[in-house]
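Under the heading domain 'EGF-like', TrEMBL lists 4-37, 71-105. Annotation source TrEMBL lists disulfide bond at 27-36.
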């Protein structure tokens, strides 16, 4: 064995982790977790995640945009229409309320 090379913590990812001293597991950029086996999403990714590769921003359901910060289901999230109005999502973060016939209140 090479006595100049530190032995990393057991379980430390061989590619995404490194160690400066024995028993360490320091994550390389873009990786996190105890064993450096969890990817880091793209900075600013609001309602998204990465999946096996760093710096991704895969949007959660009903979210869109490069940073997953645009609400694609504004009606369901905010329920903006009142008095029995019907809500329709028209664009990210936009909606249209249609009033019922013979509205009251």
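Heads up, the Cβ atoms here are built off N, Cα and C, so glycines get one too.
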- Message: With helix taken as DSSP H, G or I, strand as E or B and everything else coil, how many residues of the domain 'EGF-like' (71-105) land in each class?
- Response: 5 helix, 12 strand, 18 coil
- Counting Cβ atoms within 10 Å across all protein chains shown, which of the disulfide-bonded residues 27, 36 comes out on top? 36
- Note on the structure: Sequence-distant residues near the domain 'EGF-like' (4-37) by C-beta distance (under 8 Å, 6 or more away from its ends) are 54-55
- Message: At a C-beta cut-off of under 8 Å, are there same-chain residues at least 6 beyond the domain 'EGF-like' (71-105) that contact it? List them, or none.
- Response: 62-65
